[in-house]
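Engineer: For reference, TrEMBL lists these features for the protein:
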BINDING   GLY71, VAL74, ASN78, SER350, LEU447, ASP450, SER451  Na(+) binding site
DISULFID  CYS176-CYS185  disulfide bond
TRANSMEM  94-112  transmembrane segment
TRANSMEM  133-152  transmembrane segment
TRANSMEM  265-285  transmembrane segment
TRANSMEM  294-327  transmembrane segment
TRANSMEM  376-401  transmembrane segment
TRANSMEM  435-464  transmembrane segment
TRANSMEM  476-501  transmembrane segment
TRANSMEM  507-531  transmembrane segment
TRANSMEM  552-569  transmembrane segment
TRANSMEM  589-611  transmembrane segment
Amino acid sequence: MASHTLDPEQGVRLLPQPGVRGFKVQDDCKENESAAFSEFQVQGGSGADTEEDFERHQWSSKREYMLSAIGYCVGVGNIWRFPYMCTRNGGGAFLIPFVLSLIVIGMPLMFLEMSLGQFTGRSIVHSLSVCPLAKGVGYAMAVLSLVVFWYYNTIQGWALYYLVMSCQTTLPWSLCGQWWNTPSCTDFSTAFKSGHGNHDNTSVLATNASSDWYNATNVIAGAVMLNMTSAPTNMTEVKQVSSAEEFWQHNVLRVSGGLHEPGELVWYLVVALGAATLFLFLALVKGVKSSGKVVYVTAIAPYVVLTILLVRGATLPGAVDGILFYLTPDFSRLLDPQVWVEAVLQVFYSLGPAWGGVPTMSSYNKFNNNCLRDSIILTFVCEGTSIFGGFAIFAVLGYMARETGLAIDKVVSSGPGLAFIVYPEAISRLPIPQLWAVLFFIMMFTLCCDSQLATGECVLTVLIDRYPRTLTRRRMLVSAIFCVVCFLFGLPFVTQGGIYIFQLVDWFIATLSVLLISLLQCIVIAWVYGADRFGADIEMMLGRRPPMYMKILWCFVTPLVLLVLLVVTPMEYRPPTYGDYHYDVWGNVFGWTVALVSFIPIPLVAMHQLYKAKGSLLQRLRKTTQPDKNWGPPGRKERILYRKETAQRPPRQHWTDIIRR
């Protein structure tokens, strides 16, 4: 804890708060304090950057913040991808590189983003004005959140439609003979015994460890990001398709022949999309004051449902076999470098850094909140949920394998193939299947909702903090326009050819973007601004500097790993597919255009900042790599403290001094 005290004549001094790791700004003389703040505005602040501009809602309680953060980090990818990654990469042995990746990549990025958002108390764009040249990184995060909110809403609509269909007397995907079925439709057991049922999923710029296809992304979010194929593999002369897959393809999606056949809007998916958007609007309309109440249901419900499904699954025959298959270690797989790469990617995509949700939620915290402790808790709660969810999933898949007489690896799947085909088909075999289906799709809906709330709040916060005087009082209107626009842009996803568009967007949107954004954040904070200076800022909040190992990770280990991933991931790129459908040249062009959308703000904003600056190129670079004059804590007292604190700091001589303390 810092021992210095400001001059009492200035009206502000630092005092330790009992029970709180941080400082309290004590008001000794209101007039002198106001004069000091006015002096700050004259010397460095902008006329519009007044205290009124910084009046933002905060979380009503620490509980609401933690539930919202957990809901954001724990997305559908934790449920439908992590168990598959374990079985694919050595079972229980996969936990070794996974936990190491958590410590080296996940926790440092979480703490960096949480402390940055909390210290500035503003949007991600303002937070990254610590280096104006890199403000485009903040806009890139906002664009990512916007695109994810736009297309992820489709998944929420699918879950809602399945939830409604689960209330029928007979689950519609459990039997053939419906209007959407084809002559190839077979019942559950026959379909699997004939060799069909492997709904493995394709990768987004992913690693090629084997011939299996898998989902290499999350949400995010929490997130979450999806890649899928539902087309069956022909293993007999007569094509046989399970009733669950035909329900997915021909009832839910009414899938067309390809991207060139958009077809008509599927009206009930339009209704489901609209209902999901309306729900999100009601949750976002008052910012964290409303979303903080919603998460009491949406963040807790998945844990309740997972526990119920695990207890029920554990009583089924074959459940133990499924769980053992999930956990049995194959340590020889640890010698494969691809296993380590996939462990890092899994951490990255499940926690959801670089999407903007983490710093945005933290920006609504109190200034002295212990964000270091929060980052540790959230990291391990999120990944603990992934492991816990694997037990619930594999208990039921073990039962399904026993029922069909197949090996478990023939029924295990990843991504939407698991969520909308394999798992629904498995629970249709249970007693009272409607109950388990309703519970499962409630869980899916709430998992989607939590991720959506964070990504939506990220975009809205950027807009409102950019024009606080104009938009703060019009929060409802801004939220309504935002949700309506996202609904309209989501309509192409609910056409008959929408799944092909969805696959392209999901395939290209995020993998390289999130890696690059995280790398640039580490460089900006640890090297340009300085890890030592940032540590002093954290000391203002927490009363102590971050641990030395955290600085070392920020400066060296984490950026090095991210750089390696940025090099390796494109080398393993494969063209997008949806089942046996291969996209033509224009489809790939569209996909790469989508990928570039989130990159574009980074160079554009950098060029704009250099253009605005005066002097030679070197002088412009120096100016644009120094914190913006309005960067710092949001509150009046904290800003005065920050100004005086920075004035007392010794000049930073060289980047090699960043871990001096």
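Each residue, glycine too, has its Cβ placed from N, Cα and C.
Automatic, uncurated: that is what TrEMBL annotation is.
Values in this document were obtained by computation on a predicted structure and should not be read as measured data.
Quick one: how deep are these features, and who are their neighbours?
Structural biologist: The DSSP secondary structure for VAL74 (Na(+) binding site) is coil.
Under the three-state DSSP scheme, CYS185 (disulfide bond) falls in the strand class. Taking the Cβ of CYS185 (disulfide bond) as reference, residues of its chain lying under 8 Å away and at least six apart in sequence are, in sequence order, CYS176, GLY177, VAL241, SER242, SER243, GLU246.
Residues 64, 67-68, 70-71, 74, 79, 83, 86-87, 91-92, 283, 385, 388-392, 394-403, 408-409, 412, 430, 436, 439-440, 442-443, 446-447, 449-450, 453 of the same chain lie 6+ residues outside the transmembrane segment (294-327) yet bring a C-beta within less than 8 angstroms of a C-beta in it.
Long-range contacts of the transmembrane segment (435-464) within the same chain: residues 68, 70-72, 74-76, 79, 122-125, 138-139, 141-142, 145-146, 148-149, 152-153, 155-156, 159-160, 162-163, 166-167, 171, 219-224, 276, 279-280, 283-284, 287-288, 291, 294-295, 297-299, 301-302, 305-306, 308-309, 312, 352, 355-357, 360-361, 363, 419, 423-424, 427-428, 471-472, 475, 478-479, 482-483, each at least 6 residues beyond the stretch ends and with a Cβ under 8 Å from a Cβ of the stretch.
Long-range contacts of the transmembrane segment (476-501) within the same chain: residues 146, 149-151, 153-154, 157, 253-256, 258-266, 269-270, 272-274, 277-278, 280-281, 284-286, 456, 459-460, 463-464, 578, 581, 583, 587, each at least 6 residues beyond the stretch ends and with a Cβ under 8 Å from a Cβ of the stretch.
Proximity of distant same-chain residues to the transmembrane segment (552-569), defined by a Cβ-Cβ separation under 8 Å and at least 6 residues beyond the stretch ends, is recorded for 104-105, 108-109, 112, 205-207, 341, 344-345, 511-512, 515-516, 518-519, 522-523, 525-527, 531, 658-659.
With a threshold of 8 Å between CB atoms, the same-chain residues lying at least 6 positions outside the transmembrane segment (589-611) that come near it are 132-137, 139-140, 143-144, 147, 504-505, 507-510, 512-513, 516, 520, 576, 583, 617, 620-621, 624.
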Engineer: Between VAL74, CYS176, LEU447, which of the recorded positions has the fewest other CB atoms within 10 angstroms in the structure shown?
Structural biologist: CYS176
Engineer: Quick one: find which recorded stretch in 133-152, 265-285, 376-401, 507-531 has the most Cβ pairs under 8 Å with the transmembrane segment (94-112).
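Structural biologist: The stretch with the most close Cβ contacts to the transmembrane segment (94-112) is 376-401.
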Engineer: Report, as numbers and ranges, which residues of the same chain sit near the transmembrane segment (133-152): CB under 8 Å and 6 or more residues beyond its ends.
Structural biologist: 123-127, 219-221, 223-225, 354-357, 448, 451-452, 455-456, 458-459, 462, 486, 489-490, 493, 502, 505-506, 509-510, 513-514, 517, 520-521, 524, 528, 594, 597-606, 609-610, 621, 624-625
Engineer: Would you identify which of the binding-site residues SER350, SER451 has the most other C-beta atoms lying within 10 angstroms of its C-beta?
Structural biologist: SER451
